[in-house]
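A.B. asks: The following block contains the structure, expressed as structure tokens.
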Amino acid sequence: MKRKLAQDGDEQLAAAPEPEKKKKTEKKEQDNNKKVPEAELSFAELGLDPRLVQAVAKLGFEKPTLVQRKAIPLALQGQDVLCKAKTGSGKTAAYVLPVISSVLRRKTTDPTPFTAGLILVPTRELADQVYKAIEQFTAFCAKDITIARLTENVSDAVQRSLLANVPDIVVSTPSRAWHSVESSALSLSKLQFLVLDEADLVLSYGYDEDMENLARSVPKGVQTTMMSATLSAELDTLKGIFCRNPTLLDLNEEFGVEDEKLTQFYVKCGEDDKWLISYLIFKLQLIKGPCLIFVADIDRSYRLKLFFEQFSIRSCILNSELPINTRIKVIEEFNRGIYDIIIASDERSEVFGDEAADKEEGAKKEDGEESSEKQKKKKKGGKKDEEYGVSRGIDFKNVAAVVNFDLPTSASSYTHRIGRTARAGRAGIALSFVVPKDLYGKHKPTSIKSCEKDEKVLAKIMRNQAKQNRKLEPYNFSKSQMEAFRYRMNDALRAVTRVAIREARTKELRQELLRSETLKRYFEENPAELSHLRHDGELGRAARQQAHLKHVPEYLLPKESKKELTANVGFVPFKKLDKDKKHRKGGHKKGGRSFKVGGKKDPLKTFKVRRKK
Ligand SMILES: Nc1ncnc2c1ncn2[C@@H]1O[C@H](COP(=O)(O)OP(=O)(O)OP(=O)(O)O)[C@@H](O)[C@H]1O
């Protein structure tokens with residue numbers, strides 16, 4: 001369209017008399033000099049290789065997001081960039097596209113093979129995701145660019161042979177990258193671009209040794225990009241290692257309330273009430289659609305899954321013990337709409353706490369005792385994969401709600417967890433359980449240490465969210481209506497014994513190892529058979545099965561509607577902002593799934609219909 005107008009203009013210009021021609025030429029020059037407002041820039045106008053512009057169009061990216069408009073031109077000019085932008089705002093494309101574009105440009109004059117770009121991420125799940133994103137972005141130039149990911153479950157020999165082809169871009173966790181450099185499989189001697197995604201985490205405790213080693217292996221002056229939704233003061237000192245004179249982009253500040261499509265709630269309740277409310281939420285479908293539930297540790301994830309199974313609520317599990325292939329498959333299948341509930345253990349938050357956020361809050365440094373405690377915990381996790389993590393960076397698609405069954409131990413973990421919903425301009429809900437100090441430890445069977453300081457953490461979270469123009473509102477459940485369900489909850493909890501949890505954990509691990517290794521090839525050839533191996537299947541008979549719990553008898557349901565369960569003083573419905581009505585009507589549809597939250601389709605309002613069945 002633009003081109004058509006320009007051509008028409010040229011034709012008119014040729015036919016015009018001399019003085020008019022001069023005037024029009026001047027006007028045209030002025031027009032050419034006029035800059036397109038930054039907010040209206042298209043991908044083509046950012047200066048990217050046309051093949052990349054073609055690829056993003058194929059992916060359905062209509063226009064660049066704020067972080068892409070700001071960061072891509074700077075990176076293409078060769079500047080170091082340190083960028084803080086909200087979760088789900090499109091940071092991956094913002095750092096990946098300029099690296100690919102620059103490599104493509106260089107290769108037109110210098111085809112010598114060398115590794116020009118290294119992208120470091122904190123987890124293997126994220127490495128897989130970034131690798132797949134690069135594959136999509138290079139769909140129209142795949143033969144001109146080679147990529148390698150160093151986090152696959154392959155032997156050193158296979159990895160070495162992959163690296164022998166000298167990939168242009170390598171995606172890795174810091175430890176795998178250093179391992180490859182140390183064993184001379186990977187050379188960074190000519191590296192031109194270094195990217196640190198989730199930079200605050202990559203530069204924090206647990207990764208520091210590998211990062212220092214890598215810093216010594218990359219050439220001085222390598223162009224560096226650091227990205228995260230939560231960059232802390234700590235980075236000021238650490239950026240000295242890699243960055244020359246970085247341009248700081250703090251885009252969280254440019255993000256207004258009117259853009260917000262995330263609604264945040266918290267529920268203050270006792271430790272056993274968490275189980276009761278969760279049972280009600282999922283059995284009565286008070287939240288509809290794909291949902292992520294975060295718990296503090298692995299045992300807790302199995303306990304909640306077995307508890308849900310007592311009521312026939314299906315869910316699947318993500319934790320650091322499961323093989324990487326299984327973890328990636330669970331995420332893929334969730335994104336394809338096969339599962340609705342994932343219970344993820346956020347062990348990193350539990351073990352490491354949040355030093356970055358504590359610093360932001362001006363808290364004192366951890367004392368030696370606690371640090372060595374963390375060291376011990378870190379070493380103890382023998383079978384666990386320390387490069388596991390799903391609260392950071394993973395692009396779960398169309399998540400309707402994130403539930404913090406156990407509150408994280410820090411404000412920045414909270415930001416990343418809730419950032420798994422309301423991504424790419426969509427709407428979502430975050431619901432967090434908070435155990436008040438006076439109720440902590442009152443229900444021994446469900447008590448967990450990490451909840452001891454919930455109220456303090458909540459206060460920190462609220463201050464931190466307020467800085468981002470966001471707020472959390474209380475969500476009240478009607479105590480009297482809930483009570484009717486308590487004996488069922490207790491029955492279910494009693495059936496989920498420690499032995500049952502241990503059995504379920506061992507069984508699932510054994511099953512997943514088998515699936516992951518032995519059956520991998522078979523299912524690649526026979527994908528239809530996969531349906532027999534759903535990851536949200538029941539964990540057998542690990543826990544005593546109680547048929548009467550599978551259904552909710554009519555007499556237990558509130559007389560009027562489900563709304564009564566939550567209608568008390570200060571009732572806040574699960575809702576989205578008015579301007580999002582369009583989505584509310586039809587729900588989101590992508591990758592074979594749709595969901596609805598709030599509004600006319602609010603499940604709270606359709607309860608009566610269900611009762612009559
Ligand atoms: N310009 C765009 N137009 C439409 N969708 C986009 C655009 N850029 C990115 N997306 C989509 O937005 C989603 C979130 O992107 P991405 O994972 O890069 O976010 P992020 O900022 O890295 O989030 P996090 O902080 O959680 O890591 C992805 O599904 C991606 O495909």
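Each residue, glycine too, has its Cβ placed from N, Cα and C.
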A.B. asks: In TrEMBL, one of 41-69, 157-185, 302-330, 476-504 is tagged motif 'Q motif'. Which stretch would that be?
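C.D. replies: The listed stretch tagged motif 'Q motif' in TrEMBL is 41-69.
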A.B. asks: With a Cβ cut-off under 8 Å, give me the same-chain residues at least six positions beyond the ends of the motif 'Q motif' (41-69) that come close to it.
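C.D. replies: Distant Cβ neighbours of the motif 'Q motif' (41-69) are 76, 83, 85, 89-91, 93-94, 97-98, 100-101, 104-105, 136-141, 249, 251, 254-255.
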A.B. asks: Pull the DSSP breakdown for the motif 'Q motif' (41-69) and write it out as helix, strand, coil residue counts.
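C.D. replies: Its residues divide into 16 helix, 0 strand, 13 coil.
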